[in-house]
Amino acid sequence: MKLGRAALGLLLLAPLAVRAVEPISLGLALAGVLTGYIYPRLYCLFTECCGQKRSLSREALQKDLDSKLFGQHLAKKVILNAVSGFISNPKPKKPLTLSLHGWTGTGKNFVSKIIAENIYEGGLNSDYVHLFVATLHFPHASNITLYKDQLQLWIRGNVSACARSIFIFDEMDKMHAGLIDAIKPFLDYYDHLDGVSYQKAIFIFLSNAGAERITDVALDFWRSGKQREEIKLKDMEPALSVSAFNNKNSGFWHSSLIDRNLIDYFVPFLPLEYKHLKMCIRVEMQSRGFEIDEDIVTKVADEMTFFPKEERVFSDKGCKTVFTKLDYYYDD
């Protein structure tokens, strides 16, 4: 604010100072003020700039998680504390690295979207949020050396442009083993690498690896008559890291990211129950501008398939297809 007033004062006094200052010198001074202070701020009023968004609001993030993510008490707590704590830290020692695990439709991609939206106005469409899909961007095992080089160049270039860059790697369970190790130096405890600091960047990995273990724990709690909210992170996290590390079909197979403890949190996403599907359906109805019709909510939820076959406890597709099934009841 003080600098802004100084800049404004200089502009107002410019006609009076013209006799005392050479025209070229005055022009350069004004240009410096405009370029260094006023112009960037005017520019950022019309387009997205790195770090322009207000400081992340813990309350806003919590509200989004509570109103949009269902049945995931562990994920909510970890994401809220990890992300808000990291963003509020002016000098983190390393980038924030989150590995999200669970079956399809449980909310992994959705959480990535929520995180991106709470940091950048553009969310997943922001120039500073980068999504990699294993089967799309790294399809051929024969090109793994090329992919490693491209990945390092891409991350280095984008973090150089914006320290608070977000990188999301989807389908880690389908990524070729060894490829993700190319980014290991960027996740480690280095102040700078070749003049670039990666300490404010965020890396998010999405995977189905370990989903079986998550389901086993959730099912054991259900069969014992316990509430799923009684499940603790310690019941899941160690087994998740081991499962991902030893899974030959996982991009984390024998990965140095796990071996060197560079992943900050392994976040389990529990399989969803019937009541959680209904919550998803209600939110989707509201987002489309419809009044909540409980008859339709029940019909859509009843059409979903559940496992185990005898007990029918968990949805085998989570909330992934409830949105398309809802289309049937609102088809004009």
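Placement of Cβ uses the backbone N, Cα and C atoms for every residue, glycine included.
What you see is a predicted model, and the numbers here were worked out from it, not measured in a lab.
Cβ contacts within 10 Å of Gly102 (ATP binding site), excluding its own Cβ and spanning all protein chains shown: 26. The feature ATP binding site is assigned by TrEMBL to Gly102, Trp103, Thr104, Gly105, Thr106, Gly107, Lys108, Asn109.
What TrEMBL lists as domain 'Torsin-1A C-terminal' is 272-329.
Sequence annotations record features per position, and here TrEMBL assigns signal peptide to 1-20.
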Number of Cβ atoms other than its own within 10 Å, given for Lys108 (ATP binding site):
26
For each of Gly105, Gly107, count the other CB atoms within 10 A of its CB; which of these binding-site residues has the top count?
Gly107
Could you tally the C-beta atoms, other than its own, that fall within 10 angstroms of the C-beta of Asn109 (ATP binding site)?
18
Suppose the ATP site is Gly102, Trp103, Thr104, Gly105, Thr106, Gly107, Lys108, Asn109. Which further residues of the same chain have a Cβ inside 8 angstroms of that site's Cβ centroid?
Phe110, Phe269, Gly318, Lys320
